[in-house]
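Worksheet: one structure, shown below.
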Amino acid sequence: MWKFTSSATKRIGNSLSSNNNNGSLLFSLNFNGSNNNNNNESSKPITAANTQNNSTTKSIDNNNNNTNNSNSNNNNNDNIKNNNKFNRASHRSNITLVAINNKDISQMTNLLADSGISVSKISNKKISLASKINTLNKLNSSLLHLNSINNSLTNSNNNNDNNNLIDNNNNDNYNNDSISSSSSSSSLSESSQTLSSASSSASSSSSSTLSSSSSVSSKSLNNNNNNNNSRFNNEFNDVRVLGKGGFGIVFQCCNIFDQMEYAVKRIKVNQKIPTKELMEVRAMARLNHPNIVRYYGSWIEEEIITNNSIDHYGENDNNLFENIDSFPSSSYSSVSAAASSSSLVSNSSNSYSNNKATYISNSSSSSSSSSSCSYSIGNGNLSISECTNDDNNNYNQLKQKKFSLYIQMELCKYSTLRNLINEINNIKSITSIQSTSSIANPIGTNILISLDIKQCREITRQILVALKYIHSQGFVHRDITPDNVFVCQSPFGIKIGDFGLATTIESLTVDSNNNNNNNINNNNNNNKKVGGLGTYLYSSNEQEQGDNYNQKTDLYSVGVIFFEMLSQFKTTMERSTTLSKLKKSLSVLKTNPNLKQKYPNDTDFIDHLIQSFATRPFSNQISTDYDNFPPKNFLIN
């Protein structure tokens, strides 16, 4: 059992234990490895203690750590790097990271990677605020405080000194907002008074507030195996989730250099240069408009998938972070079946992405030997993402290269139009509009918004202004929904984002010409339009059916959004039923006669936007004059 601690936890530990007159005390990091039995004491690093064959934990006195820490950094770093036996012994170890925040977890993961330690399982636990003092009291007599090990990471790469160990005194923020720790269960052993590994059972009076979530440690850390080379981990902190779905996951985070907040979108890809996903990047890079979410940059990072990591496409990120109860842009379903040979264990899908599933095949010949493999199925490609083999507790690792595309964008702090509409359906004015991630408005005051007819018109007008610009640059968005329209200013500064389904007008035109002039079979047409693309309630019939279409399809979506804002549905079922009816009838009068009577001019404009593809106007044919919107004469020369 190898035990360590880190600088971030030391500072919090010292502050919490000051009331108890317990100098430097903190949580430990345990390495429980079956190969440690034969280790010699002389071959161990001086900064670790081996307790595999002893019930009593050996400790190292660090009372003078604050004065001697700087002198021992280089020695400790050399001991870690040069001790090959320790590295080999840890190859099949179970590592439990016990820490205060995700930055602490990342730093310790850096240490493992920097030391050349390869492990088969990494688990972590986060200690809640309420339990820290009690835990400190219980662990005071036995936990090792080896701050120098974590500090050695600072000296391992002088050029990256500031990037790898940025703490910024944000520990209190991390306690509330950071990555949730993970482990199947937890225990506080009365005899050894140490936090056990992830697989132990919960058993202690002081463990009431030890937080743990189902085993997702590999997911939270598999992107950090080469953390020193991760731009995202080195340049951003205060990470929390804004939303997620089939497209990937979007984080709110703070850049450690300019101290500005950004939205960073992460998309898992199978190749280093993902042509399809880069369409979104290229679209955003070419667009510069006040009503479009600003693009700052993008990059690709390589990750290592091991035998304990979750399936590449089946990643369930809502276990990794706190306060992400709902994201309306995605839906998830889970199916499980017991069978001796195979089972379909998960399925993740949404209205604008292909279904992707994780397929598990299990077989066993005896109680002591079993194997399993999982495969990622998506877009017609099959790739192995996980294989495990258990033979008398010996694990074989399969490492496979995967990549993540990161897109750094402007952060819209107030809300999405979806959240705004949902709130308005229940109350006519909103106090302090916040997104699903509870982002307070930047000026710290309440925002009073009433979604009256004037506001509905202004939102619609700004969306059309943005679409005019997008279309003029040769792009079609294809997914204009309330979820992709962001409220970035008070009272209403509307911006369009999420260009994940954007394509060029030229590609749609080429496809149309191929189908009409050459009678090419759609199944063999590489540029063919896919039916069902987009979000069903907001996509036009021609786009839904995969017929020939162009930038006019975005105008149908705008008409539906305008209709929804005026209708103010009280339930999700009412919204779904009514918008489906509008999609079939293409008439406000046939869908909601009362609304037609209440807002005759506005509903006439909606009818103009949602009419059939052949007669629907282009965006540059619609007047967006502020004083005369919606226009009475719908078309302009």
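Yeah, the Cβs are placed from backbone N, Cα and C, and that goes for glycine too.
As recorded in Swiss-Prot, the features of this protein are as follows:
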type: ACT_SITE; residues: Asp479; note: active site, proton acceptor
type: BINDING; residues: Leu242, Gly243, Lys244, Gly245, Gly246, Phe247, Gly248, Ile249, Val250, Lys265; note: ATP binding site
type: COMPBIAS; residues: 53-85; note: compositional bias 'Low complexity'
type: DOMAIN; residues: 236-629; note: domain 'Protein kinase'
type: REGION; residues: 36-88; note: region 'Disordered'
type: REGION; residues: 155-234; note: region 'Disordered'
Under 8 Å by Cβ from Gly248 (ATP binding site), counting only residues of that chain that are 6 or more apart: Lys265, Arg266, Ile267, Lys268
Nearest-integer angstrom distance between the alpha carbons (Cα) of Val250 (ATP binding site) and Asp479 (active site, proton acceptor): 17
Where Val250 (ATP binding site) sits in the secondary structure, as DSSP reduces it to three classes: strand
Asp479 (active site, proton acceptor) versus Lys244 (ATP binding site) - Cα distance in angstrom: 16
Leu242 (ATP binding site) versus Asp479 (active site, proton acceptor) - Cα distance in angstrom: 19
Other CB atoms within 10 A, centred on the residue listed as 'active site, proton acceptor': 26
Whole-number mean of pLDDT values that fall within the domain 'Protein kinase' (236-629): 73
